[in-house]
Structure formats: structure tokens, C-alpha cells
């Protein structure tokens, strides 16, 4: 079986082979139609999630009459497993990443998904998703400052050695990298300190090296979450 994850910037398809994940397909989200054609041509049973409605529709159109692809939706998750007031608006990637981390850790988890958006979510010891935070990802912080204050220098993504910034470049670095990491640290502290902390997403490695709490970096949390549901036969049969 293949597993499909459509994010804001990338489409990824992986399969569980032996004891590890094997990536089969990776392309920009705007190439969704090509991804749909690839899935149809492979003819292999696939389950997927998406946070981009336009990409979902493009894949469905490319699939035509093929039935090899089926989608997880929030309605497939037992109501008792989600403590969230607007369940219908909850991104499946947030739930699946928490479920994947909870499956690996077997204890309460905090999951930071450092992508286009940065989410910081919590799942308790009973596997109940309790909600979280959605904030701009690091690249959006950088892009916003560049667009609205073009006179400021572009800087490397890191925290200066000295506080406060003694030159404009270091001041910008404190305002971008420093502020972003401080925000993440502050939000993580609001959760259960005994929960295991996992980091995923495109900026996951960079972030995990700089936040104050020790974290496990795992790029496959969403896929582990989908596999958990399939293996448990909670949805797919």
C-alpha cells in the first residue's frame, strides 16, 4: 500500500518497506495533476490526506474512474479521539502527525510541524488530540520582512552569539530566527513538560537544533499516523 501526503508546498508518496519508509514520489504541490496520473498508472492501493483543496481536486480529476486512491477525512476519526471545537476545520496533517508520534512514543506527545505554517499540537496519554497552535513558518517570517521592509539586509538563518544585536544584520537575525525560536519555546512550555517532543516538517532539523527542549526529529510522522489507522482497521479495509 502507498501513502499520500499533500502539503502546502510538496506532494509526497511513500510506502512501508521492511521496517522503514521508502519515498516513491516527491513534487511541488502545484504538480498535483501529474501526481494523480502517476498514482493511476501505478495502480497500487493508496490512501491519502490533503490540506490543499485545489490539489485534491486536480488529483481526483487526473484519477478519472480509477478507484485505487481513497482519502482519509476527519469524519473517519472517532469523535472521542478529538477534543477540538471546530473539528470540521482541523487539518488531517495535524492529527496524523500527532497520532504518528503517539504511536512511536507510547506516551503524551507535543508535535511541532515546521513547514510553510508551523503547528504545535498536543495528544494526551489516551491518544486524544487536544488542539494546538498555528503560526507562520520561518520562511513566511522572512518573506514578510523582505516584502514590507525591503531596505533591510537579507541575513543567514541563525541566532547571533551576542545579545542585543549590535549591527543591523544581527538585529534582523534576532528579530527573525531569535523571535521565531523564542515563540516556539514559549508555546511548548505551555504544554505538559513530561510529554515527548517531536519535530517534523521542512525546517524540522534546523529548529530542533535551536529550541530549548530536546526533541526527536522524524520526517515521517504523518505517514506513521496513516499507517496506524490502516493497521488498526479503523477506517480502511
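Cβ coordinates come from backbone N, Cα and C, glycine included.
As the structure is a computational prediction, the values presented were derived from the model and not from experiment.
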Study note, to complete from the structure: Listed alongside 5, 6, 7, 8, 9, 10, 11, 12 for ATP in TrEMBL, from 103, 116, 119, is 116
Check your understanding: Looking only at 84, 91, 92, 93, 94, 168, the residues listed as binding substrate, what is the longest Cα to Cα distance in Å?
Key -> 42
Practice item. Report, as a single number, how many Cβ atoms besides its own are within 10 Å of the Cβ of residue 11 (ATP binding site). Key: 25
**Study point:** Number of Cβ atoms other than its own within 10 Å, given for residue 116 (ATP binding site)
**Key:** 19
Exercise for review: Have a look around residue 168 (substrate binding site) and count the other CB atoms within 10 A of its CB, chains all included.
Suggested key: 12
